[in-house]
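Engineer: The domain 'Ferritin-like diiron' annotation in TrEMBL covers 1-144. Feature annotation from TrEMBL assigns Fe cation binding site to GLU16, GLU49, HIS52, GLU93, GLN126.
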Amino acid sequence: MKQNVADLLNAQVNKEFYSAYLYLGISKFFTKAKLYGFANWYRVQATEEQEHAMKIYDYLLDSKQDVCLEAIDKVDIKIESALAAVIEADKHEQYITAEICKIMDLAIAENDYTTQSFLDWFIEEQKEEEENSRKMISRVEAVGSDRRLLYMLDKKIERSVSNPPLQKRKL
Ligand SMILES: [Fe+2]
């Protein structure tokens, strides 16, 4: 693997961990707002992001590359509504997609077929993530300022998460 490809992958490990951190920040907002379905959804997302980071981490080590574990940025976002929260998540997913595409572009330019094939999974995953985050925006937009509808949507999201609802103990 070329050093420039390894460097971008290394930076992506950090970005995936930051994604986990950001989702935790979003989950925290929903927990405080007593919207436990949303809170759980984003908490599960945070776990997934850690798995993404570890996938790249393992790929680098398997490719006999070093992994530099840089500091993770502070989550510095101001969320004041459910809509602002889901928009923040969508914005971030778009950014991550662009970053994955940059690594893919470099892997193509460097004729690094192994990395291209490794990144295929991430391209597919980002497509799903963006679909989900867009769906979340339209659902929250549809309920508007109706608090009762927002709670109903929250219940629906709680049921849709396949993992055991982490926040249930608080209900
Ligand atoms: Fe990710």
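Just so you know, glycine gets a Cβ as well, placed from its N, Cα and C.
TrEMBL does not curate its annotations; it predicts them automatically.
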Engineer: Write out the long-range same-chain contacts of GLU49 (Fe cation binding site), meaning residues 6 or more apart in sequence whose Cβ is under 8 Å from its Cβ.
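Structural biologist: Long-range Cβ contacts: GLU16, PHE17, SER19, ALA20, TYR23.
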Engineer: From GLU16, GLU49, HIS52, GLN126, which binding-site residues have a C-beta atom under 6 Å away from some atom of ligand 1?
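Structural biologist: Once distances to ligand 1 are taken from each Cβ, GLU16, GLU49, HIS52 fall under 6 Å.
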Engineer: Once near-sequence residues are set aside, which residues in the chain of GLN126 (Fe cation binding site), 6 or more away, have Cβ atoms under 8 Å from its Cβ?
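Structural biologist: Set apart from GLN126 (Fe cation binding site) by at least 6 residues yet with Cβ under 8 Å, we have GLU93, ILE96, THR97, ILE100.
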Engineer: Taking the Cβ of HIS52 (Fe cation binding site) as the centre, how many other Cβ atoms fall within a 10 Å radius?
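Structural biologist: The answer is 23 other Cβ atoms.
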Engineer: May I have the list of same-chain residues other than GLU16, GLU49, HIS52, GLU93, GLN126 whose Cβ is within 8 Å of the Cβ centroid of the recorded Fe cation site, in sequence order?
Structural biologist: LYS15, SER19, GLU48, ILE96, PHE122, GLU125, GLU129
Engineer: Please identify which of GLU16, GLU93 has the densest Cβ environment, defined as other Cβ atoms within 10 Å, among these binding-site residues.
Structural biologist: GLU16
Engineer: Helix, strand or coil at GLU16 (Fe cation binding site), per DSSP?
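Structural biologist: GLU16 (Fe cation binding site) sits in a helix per DSSP.
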